[in-house]
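Asker: According to Swiss-Prot:
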- 175: active site, proton acceptor (ACT_SITE)
- 59, 60, 61, 62, 63, 64, 65, 66, 67, 81: ATP binding site (BINDING)
- 428-444: compositional bias 'Pro residues' (COMPBIAS)
- 457-469: compositional bias 'Low complexity' (COMPBIAS)
- 53-303: domain 'Protein kinase' (DOMAIN)
- 1: N-acetylmethionine (MOD_RES)
């Protein structure tokens, strides 16, 4: 079997074998930052993982395999995730696995887990990923109970930077939680688990109800269609609440109470208010149209306090000025005007920045609770196809309520592929005009919250929960319309051969001409070269636990070289501009990384600590008015 590599589409005109364009072709819309393009190229060599890596301890186990820590010959530590094809019984889960590989290999950001290499043979898929040695953010916060405001801002800025980058490239994560946010050896954020991610498009709605209960938005728990970014914004609000206050904002012990709290936005008032309370309230708005976007968060004053530039912006070089020059004051005035604009538009005063007294009433404070990702979706189409599909086509072909069936869960032991045909549903819904006399499309009565959640590893994909995990029972979205024609039933023998599912022209590597016609996921044999039916794969019992260490050969799907990551530079903080310095933090666990005690260090300077904040603010506004 020939091996495949992913290479950038640059230089001369690609050959016919390189015309299969995966989803990354449709990801690049914004000029900055760019994502990596991919194309498929054939090579004629195989790889033995036993000779390439020294396997160490196991990091986690899932339904389809395990994640092991390994060391390359160069000494670099990596996390190797092996997926056994004979364990994949649901085409939807296979689609999520492929989507995770293609999206993560396309993203290039210092705070997103990188995929180094992907291997595949007839029985396994092996993914070599970046290793985050300090575990996940859940364990880090649990050990320290509560972070300082400086450390909370440091973490949140990096999370916002990564999610903002994803949204710039029209990728929505949909499963942001503490367990999916890892820490590397330097204490920097690394977002993992893109198994539930997808592309989104303005004006169209996604209809996959997934995520983790305590981080799920009101649209998710109530089964309402959503665009995509607003779901991540709500999850960021929950994360910010946890980072600042050290507790969960909602009560997760009773799912009925949890649904009511999320639907009403009734999160617990913290016992000790913070300067971030305004941003938390903005992110946890029940109305998604009023909820803060990632652009709003990236330019918010609390997120950028102590930094000369907002999240996602590069520091502009100074032209011969010192911190007290007009140029520096103008920069500060522009920053204050931009970051305080939402407050001024809402008629807020400068005093609204100050902390308020905690409201009365004694309510128990919930602790941190690990979350298990939920997945309830009608099977989503090719992500690349969703970019080229016409709105009229989406409106004309919608399955009726009588034609919908609950999708098969990934934890069911028996899969009857010969009895039921795989039905393909559109991944997005176009807005439906409703006349005054016409009833609105019915929505499900039940959300995704039905049973207790289980622990899930950040390295393991959401479609691959822990062995003790359980898929929740959920209602579907029913949209009035003409029923869609079903596919003919598949032959039961087609599920025996799972070869080359990541290589040929599958769901995520179709050309523009192929996207014009409606496509289906197809069987696993349709994604691979035809093989004789007489040669069946080995039974699951014949595969040992340490089969990844065997001498079998793998085809390599080499990914393109990642763009060099710019070094994380220090920047002049507001403290330096105003001549203020903060004392070094004391106490164990207050800092995660080595903070440099120099004028360029990060700052946790709070607005409430400045005695003449009103005068400073007015002076900045006067400078701003003179410049304009």
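From the backbone N, Cα and C atoms, a Cβ is placed for every residue, glycine too.
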Asker: Taking only the Cα atoms, work out how far residue 67 (ATP binding site) lies from the residue listed as 'active site, proton acceptor', in Å, as a whole number.
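Answerer: Cα of residue 67 (ATP binding site) to Cα of the residue listed as 'active site, proton acceptor' measures 20 Å after rounding.
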Asker: Let me know the most crowded of the binding-site residues, choosing from 59, 67 and counting other Cβ atoms within 10 Å.
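Answerer: When each Cβ's neighbours within 10 Å are tallied, 67 leads.
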Asker: How many Å lie between the Cα of residue 61 (ATP binding site) and the Cα of residue 175 (active site, proton acceptor)?
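Answerer: Cα of residue 61 (ATP binding site) to Cα of residue 175 (active site, proton acceptor) measures 19 Å after rounding.
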Asker: When the pLDDT values for the domain 'Protein kinase' (53-303) are averaged, what is the result?
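Answerer: Summing pLDDT over the domain 'Protein kinase' (53-303) and dividing by its length gives 90.
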Asker: Which whole-number value in Å describes the distance between the Cα atoms of residue 63 (ATP binding site) and residue 175 (active site, proton acceptor)?
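Answerer: Per the Cα atoms, residue 63 (ATP binding site) and residue 175 (active site, proton acceptor) stand 19 Å apart.
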Asker: How many other Cβ atoms sit within 10 Å of the Cβ of residue 61 (ATP binding site)?
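Answerer: Looking across every protein chain shown, the total is 16.
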Asker: For a quick check of understanding: among the recorded positions 63, 65, 175, which residue's Cβ has the most other Cβ atoms within 10 Å?
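Answerer: Of 63, 65, 175, the one with the most crowded Cβ is 175.
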Asker: Can you tell me the CA-to-CA distance separating residue 65 (ATP binding site) and the residue listed as 'active site, proton acceptor', as a whole number of Å?
Answerer: 21
Asker: Please report how many Å separate the Cα atom of residue 59 (ATP binding site) from that of the residue listed as 'active site, proton acceptor', as a whole number.
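Answerer: Approximately 20 Å lies between the Cα of residue 59 (ATP binding site) and that of the residue listed as 'active site, proton acceptor'.
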Asker: What whole-number distance in angstrom separates the two most remote CA atoms of the ATP-binding residues 59, 60, 61, 62, 63, 64, 65, 66, 67, 81?
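Answerer: Across 59, 60, 61, 62, 63, 64, 65, 66, 67, 81, the widest Cα separation comes out at 14 Å.
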